Every structure is written in structure tokens, then in C-alpha cells.
Amino acid sequence: MASPGKPGADEAQEEEGELEGGSAGPRAAILEQAEELFLLCDKEAKGFITKHDLQGLQSDLPLTPEQLEAVFESLDRAHTGFLTAREFCLGLGMFVGVASAQGANPCRTPEETFESGGLDVQGTAGSLDEEEEEEERFHTVLEQLGVAPVLGKQRAVRTLWARLQRERPELLGSFEDVLIRASACLEEAARERDGLEQALRRRESEHEREVRALYEETEQLREQSRRPPSQNFARGERRSRLELELQSREQDLERAGLRQRELEQQLHAQAAEHLEAQAQNSQLWRAHEALRTQLEGAQEQIRRLESEARGRQEQTQRDVVAVSRNMQKEKVSLLRQLELLRELNTRLRDDRDACEARRAGSSCRKALTTARLPGPTCCCCCCWARPPRRGSGHLPSAR
């Protein structure tokens, strides 16, 4: 499988036969001039030039746009709409009588001169093998997707696929989806076109049969017109009717042709709308993927926050339980201390009452001793009785 823009074996042999007598000096000069022209045209370093790029040299070359267009068409043998460095140099070599050999001549190819400036024929063979492998991979992908019959010969699709594979491999999936949808739309449009063409062919065949029948009837009328005049009147009327019918059928055929052109225009418009819808669907799909990614991130953040909230709630519950247990323990401890204080208070009161009772007994004994001594008598015995203490809750015992 040859790469795009590569001349065939017969063309290479013809070029070698025509240019075999050229010297190395003119060949190198022409190749340098071809390199300069190609680089002037390929300002964006795409690796290929189009008709518009070549027409950009109008200010540098004494040629009209029509002449430049004719030169481009003569160089574009494959009719791909673009020229690679190899095609451009080989074409100029054909015009000026200089071309690079592909067999035993160890000179550089124009494409190698542009890209590296110093590679040998072995490097060129390696690049061609890589290009053939890339072409085979591209056709394998198209066959796997089922779109090879529709898009297998589209060079623009192959160029875009190769560029995405090199620069943006993550977009190959989306590009393949777009190819599948575009192929489906093109197949549907092709089926509609085939249906319209078949209907038109059937209509044309029917019309041809009708016209042929009308012509045969006209010929019969002409033959009958040569008969005696007594029979010509009715036959003339019939002939007039047939001619009118023939004109009507021809008008119907013209209207059918107009209808076909209208349907073809509608078909092209629908195909353009399908492509635009596919592009919009691709954009919407990318927007949907972005929103889905954002939604997943938000959901993940919500789950993380909920997990943190549950952890905090569980920690709070554990803290509350711990505080409740501590308070219960402190309550029990305080109740025990209160009970101990009550017991201590009771013992202290009992001790105080016992002390007061002992004091009261000693006071009574002192009073009796004093009463036995001579002195004034007193009828009141409360002089030795101690008044009750406030707040004691006990009365002194009288003895």
C-alpha cells in the first residue's frame, strides 16, 4: 500500500529514464529551490501545502492565479487537494528535468531534505514503512468501527486521525464516535440518494416507453395519413390528441427533473444539518461529561462531609456518655460524702449532748454542796438550773 502522493513504479521508472542524464550540480540547485518554495508556501509547518498556499506566492512569482492553479493541478496527480514535500519536489523535477532516484542512486529524497537535511535512503525506507503501518492501523480501526466502506478513502479523516493519535490520543474515542455517527448519516443519505435515483430511473424508463409508444402511434398515423382522405379526419384528431399527450408527458418529465434537483438539494441540506447536529451532539456530550465529573466530585465531597459529620456525632455521643458516667460517679460520691457527713453530724450531736449532760450533772452536785453550807435560804431552785441552749433541741435533765 503506497502512501499519499507517492508516484507509482511506472512513473518512477519514467522519471528516472527522463532525468537519468542530469548532473548532480543542477539537481542539488533545483532541490534547494524546491525546498525554498515549499517552505515559503508551508508557513504553518503543516508538512503539506494546498492550492491556497501556492497562490500565496503570487507576489513572489511572475505568475497569475490561474497559472498557479494550473501548476498545482498538474502537480496534484492523486487529486487529494494537497501536496506533500515529496510530490512537490518530484513535480518540479518533472518540469525542470531533475528528480531524485529511488533505486540505486544514494541521493536524498525531497521530503528528507525538508525534514532532516541529512538522512539517507535507509531512513526514507523506514519513514515509508512507518507511514504504511499507520495506514494499515487506520484501515484496521475503520474496519473495526464498520465505517471503512464510507470513510476509507477520505484523506482528511486519515490526516486528522493520525494527528489526534500523535498529539491528543485521549480524544480518539470521541473522534471514533463522531466517525460512526457521520458514517451512519452518510449511509442514510446514500440510501436516500439511491432510492431517488432508482425512482428517477424507473420514471425515465416509463417515460421512454410512453414516448416510444407515442412515436410508434405517430408513425402509424403518418402511415395512415397516406391512405384515402375519407379516413384522415378521425386519424388527424387522434394524432393531435397523441401529440398533446406527448407534450404533456414531456412537461411531466421536466417537472420530474426539477423535482429531482429539488430533492437532491434537500438531501445535501439534510446531510449538512446531520453533520451540524453531530457536531452539536459531540459538544453536548463533552459538556455532559464535564458536568458528570463535577457531579461525581460534589457527591464524593458530600459523602466525605457526611462521614465526618457521623464521626463527629458519634464522638459527641461518646463524650456525652462519658460525661454522664462521670456525673453519675460524682453524684454517688457526693451522696456517700453526704451520708458520712450526716453520720458524723449525728455522732457530734450525740457527743455534744453527752458533754452537756455531764456538765449539768456536775452543776447539780455543786449546787447541793452549796445548799448544805449555812447561808440564806432560797425557795427558788432555778438558780442552779442552766437555761436551755438555743438550737440544741434538748432540755437539761433536772436532778
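Here the Cβ of each residue, glycine as well, is placed from N, Cα and C on the backbone.
What Swiss-Prot says about this one:
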- 181-358: coiled coil (COILED)
- 216-226: compositional bias 'Basic and acidic residues' (COMPBIAS)
- 33-61: domain 'EF-hand 1' (DOMAIN)
- 67-95: domain 'EF-hand 2' (DOMAIN)
- Ser3: phosphoserine (MOD_RES)
- 1-25: region 'Disordered' (REGION)
- 216-239: region 'Disordered' (REGION)
Averaged pLDDT, computed only over the residues in the domain 'EF-hand 2' (67-95): 76
Helix, strand and coil residues within the domain 'EF-hand 1' (33-61) as assigned by DSSP: 18 helix, 3 strand, 8 coil
